[in-house]
Amino acid sequence: MGSRVTACDGISEIPPSSAVSVLTMSFQAQYAQQRQNIRNQIRQRRRALTSEQQNNFALQTAERIATHPRIQAAHSIAVFLSFDGELDTRPLIERLWQQAKQVYLPVLHPFSPGNLLFLRYTPETPLVNNRFNILEPQLDVRNVLPVGSLDVVLTPLVAFDSSGQRLGMGGGFYDRTLQNWQHLGPYPIGLAHDCQQVEQLPVEHWDIPLPEIITPSQNWTWQIAK
């Protein structure tokens, strides 16, 4: 009796472990693409806002934050300079200076890739463009404050969902900064436009959920497990 030839003759059978690995890699790639698609969609939404909308939303959010109990009790507050349609933080920074708060801005760590330093920011602070073309204070170690010494970190984000999950630009800078914030670090508050909310984000194990997110129209709060 002759042997039966199949369409797969001559192709080695994939070991079960390798097949699982291939499927896992395929799933991870799809998951990463899904997250990137959300980033692209939300960034387009932000960029579609008019200058008038941006100005109004910035003032509304500045008022919400300036009167927030955590902010009023804080001494040292980390903010960020807006980029790519993010909520404009300039009115907020002016309010914080008026309240005699010490304002700090993130700077890309020169010797520890993927990490941030936080430097004191005043009206006289010289600013430079970093490798992402985002303005940051010119590095001066005399102006650095350890993350654990900050009272509040106002955090940028691309998208958020109804459970407090945050999606950033993909570099993981703030996920690293906020690790163990419940025990070691400052209280984080996300800042976003209302249009940056999505129903549910695809979450990775390194993602750090936020206890609070403030938009021009609402304060969102969640109980985060310690």
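Heads up, the Cβ atoms here are built off N, Cα and C, so glycines get one too.
All TrEMBL annotations are machine predictions without curation.
These features come from TrEMBL:
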BINDING   ARG35, GLN36, ASN37, ILE38, ARG39, ARG166, LEU167, GLY168, MET169, GLY170, GLY171, GLY172, PHE173, TYR174  ATP binding site
BINDING   LEU81, GLU86  substrate binding site
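TrEMBL feature annotations superimposed on the structure.
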| residue | record | DSSP (3 states) |
| --- | --- | --- |
| ARG35 | ATP binding site | helix |
| LEU81 | substrate binding site | coil |
| GLU86 | substrate binding site | coil |
| LEU167 | ATP binding site | strand |
| PHE173 | ATP binding site | helix |
*Compute the C-alpha separation of LEU81 (substrate binding site) from MET169 (ATP binding site), stating it in Å without decimals.*
15
*Where LEU167 (ATP binding site) and GLU86 (substrate binding site) are concerned, what is their Cα separation in Å, rounded?*
13
*asked:* Between ARG35, ARG39, which of the binding-site residues has its C-beta surrounded by the fewest other C-beta atoms within 10 Å?
replied: ARG39
_ARG35, ASN37, ARG39, MET169, PHE173 filtered to the binding-site residues whose C-alpha is within 10 Å of GLU86 (substrate binding site)_ = none
*With an 8 Å cut-off on Cβ-Cβ distance and a minimum sequence separation of at least 6, pull the same-chain contacts of GLY171 (ATP binding site), or say none.*
GLY114
_Site diameter for ATP, Å, by largest Cα distance between ARG35, GLN36, ASN37, ILE38, ARG39, ARG166, LEU167, GLY168, MET169, GLY170, GLY171, GLY172, PHE173, TYR174_ = 20
